[in-house]
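Asks: I have a structure I would like to understand better, so I am pasting it below and will then ask my questions one at a time.
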Amino acid sequence: MAAAIDGILPSTLQELVTKSKVLVVGAGGIGCEVLKNLVLSGFTQIEIIDLDTIDLSNLNRQFLFHREHVGKSKARVARESALSFNPDANIIAYHDSVTSTDYGVNFFKKFDVVLSALDNRAARNHVNRMCLNADVPLIESGTSGYNGQVELIKRGLTQCYECTPKEKQRSFPGCTIRNTPSEPIHCIVWAKHLFNQLFGESVEDEDISPDSADPEAQNENTNIKEIDGSGDNGSEDKEKVTETGSEFNTESKNDGNVVRINTRQWARDCNYDAGKLFNKFFNEDINYLLRMSNLWKSRKAPLPVQWATLLANGTKNEDQEFVRQHHKVWTVEECAHVFANALKELSCAFLKLKDNDTLVWDKDDQPAMDFVAACANVRSHIFDIERKSRFEIKSMAGNIIPAIATTNAITAGISVMRAFSVLQSKWEQCKAVYARLRLNGRNQFLVADAFFPPPNPNCYVCASEPAITLRIDTKRIQVKAFRDDVLIKTLNMVNPDVTVEATGSIVISSEEGETESNEQKILSDMNIVDGVILKCDDFFQSYELSIIISHFDAERDDVLFEVIADKNQLQPKREQKPKDTSAEQSSSRKRATNGRDIPDDGPSTSKRSRPSEVEDDNDDCLVIEEDDVEEIVNTKTEQLTVKSPPKVGAKRKPVKILDNEDITEILDSSDEEDLGPAKSKRTKLDDSQPNEVISID
């Protein structure tokens, strides 16, 4: 071990290494390399935490794991493998979530430095807050293909992880997904929504049925409007439809209302009959779309397919060879076979769940991935769109690009070198470092920042008095939805307590059952109206936030709330023109951010782009969203309904580079997310644009 041999490390550093306690958060692609480097450097007091288990796809770049470890805890196996390098090291492994209440501020305070190698935004937000409150230096790291990034986060010295907003994911109009797909990604998104409609957390904005409200389909025959309940005499609240496997049937009641059975209930009633479901989604729904003749005046009309035509002899239960050929583009008949077998497995798993539990789509879950691949390809065939192999669909559906083992190793090495500087309090040597694919004008592929970006004085996490304005429809949002959607999902709290500042009345309590009677109450019924100030306190995160309520009357399809912080805060930063000529050759850098919902990272290949921010994927991949060939924008922030005014953030001090430098920018992603489905009410997506927007998961 380096620290055990005199002369390799300076004597002062050698002593610090042997005495320091280090926490590694994440045991994936970067985490494994970090742990190995720490042990070989001579660190003997190490703790590592990761909730994930080892998947077969991890083995090509996570070298602490082998085939016999598949299905086991990453943290525990990483510990066992690392001990083979130094049996005298004291390594403690936790197979657990870092957001668990077992790992509060006091847990973080016992470490001299924390090295983060996480794979989702919410966990990174949490570790950021823990380290800020514990006043422990945090070294963030992440990779995106051949690009990597390492940066220091220290209270009072640098920006925190949440000082700079993250860009939103790419999204598609709802009518494009449901009515007129033109790209493979449209069909893949539709297939993922279908999975959620049948087995996952059902979201109103992810409906896969034909959208008769499509502006292009207006002025069609009245039958469509009547069936949809959107005709002049129909009320969406009163007229509904019963969707069956044979046709769109309506069941009228004495009062004239029509009952609708949702897709999930109908599929259950059909005992998940593959033929009925297949005909419903790929024949009857398509025929319904064909009746919207305006849609096909300038487009090629879709061609419905029938189960009986494709599989006249039925399906075979045994696993076919082509199913294992992930690089093969399946035929439509093969897709039908895969659809039937995946449907059988998923329905069996779904029916075993208790109460309102749901399945979570995961690209590494074979039946879930097979289902999406088969459905996406059948729909692509119907709309004359190029079909893709299962491997290609997995990459697109998971919003991922392959992680590169060498990039992980380089990034992890820099992380540990930064840890050396942190232990010696050599802060000037801890500036952010970016690894990129191409050399810059000075023949460098590792480029360091020239300065520490200062903390954002208006950050709602690390500012002295954090506060936000919440624009919200207090007449429609319930207390439970306020807690789950606003405080937990959007503002990343864990166990919030909420009181009204003026009266001191308790609205939400983290104590179980104390305010349960408030959950179904509307905010306005609790006297939470325009101008009221709420005090929010997350004891677990040692985090306090003031929320100023700004009421507005949301339209039917409007989002029900949006967070408005500082004008410069929640909008992604943009470059500002320098004042002098030398600055014109510089580039501004966004604050480093990491993750796999990464889910939001990717390089920008524009000539004057800034150093980038990266996020490590949840081991094998990094979540991204491609805006076009030259730009990758952030992935889904898990269906958050946060909106911000389009403002420009404060500019960072420029880094001096040559004109011909090509610096890659990698942005934070969020996940894969990733976090699993929230069982709480979701707010509706914004309809400020002409079309409904559905975000990719």
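Glycine is treated like the rest: Cβ placed from N, Cα and C.
So TrEMBL lists these for the protein:
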- CYS175: active site, glycyl thioester intermediate (ACT_SITE)
- 26-31, ASP50, 58-61, LYS74, 119-124: ATP binding site (BINDING)
- CYS160, CYS163, CYS459, CYS462: Zn(2+) binding site (BINDING)
- 688-697: compositional bias 'Polar residues' (COMPBIAS)
- 470-555: domain 'Ubiquitin/SUMO-activating enzyme ubiquitin-like' (DOMAIN)
- 205-254: region 'Disordered' (REGION)
- 570-621: region 'Disordered' (REGION)
- 633-654: region 'Disordered' (REGION)
- 667-697: region 'Disordered' (REGION)
Asks: By a simple count, how many Cβ atoms lie within 10 Å of the Cβ of CYS163 (Zn(2+) binding site), its own Cβ left out?
Replies: 25
Asks: Hey, how far is ASP50 (ATP binding site) from CYS160 (Zn(2+) binding site), Cα to Cα, in Å?
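Replies: Distance between the two Cα atoms comes out at 22 Å.
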Asks: I want to check the contact list for CYS462 (Zn(2+) binding site): same chain, sequence separation of six or more, C-beta distance under 8 angstroms. What comes out?
Replies: LEU132, ARG155, CYS160, GLU162, CYS163, PRO455, ASN456
Asks: Just give the helix, strand and coil counts over the domain 'Ubiquitin/SUMO-activating enzyme ubiquitin-like' (470-555), going by DSSP.
Replies: 19 helix, 28 strand, 39 coil
Asks: If I take the alpha carbons of ALA122 (ATP binding site) and CYS459 (Zn(2+) binding site), what is the distance between them in whole Å?
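Replies: ALA122 (ATP binding site) and CYS459 (Zn(2+) binding site) have their Cα atoms 17 Å apart.
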Asks: Once CYS160, CYS163, CYS459, CYS462 are set aside, which residues in the chain still have Cβ within 8 Å of the Cβ centroid of the Zn(2+) site?
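Replies: Neighbours within 8 Å of the Cβ centroid, excluding CYS160, CYS163, CYS459, CYS462: LEU132, GLN159, TYR161, GLU162, PRO455, ASN456, VAL461, ALA463.
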Asks: Give the number of CB atoms, excluding that of GLY29 (ATP binding site) itself, located within 10 Å of its CB.
Replies: 33
Asks: Quick one: pull the CA-CA distance for GLY29 (ATP binding site) versus CYS459 (Zn(2+) binding site), whole Å only.
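Replies: Rounded to a whole number, the Cα-Cα distance is 30 Å.
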Asks: With the cut-off set at 10 Å between Cβ atoms, which of these binding-site residues ends up with the most neighbours? Options: ASP50, ASP119.
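Replies: Compared across ASP50, ASP119, the most Cβ atoms within 10 Å surround ASP119.
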Asks: Sorry to bug you, but what's the C-alpha spacing from ASN60 (ATP binding site) to CYS459 (Zn(2+) binding site), rounded to the closest Å?
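Replies: Cα of CYS459 (Zn(2+) binding site) to Cα of ASN60 (ATP binding site) measures 40 Å after rounding.
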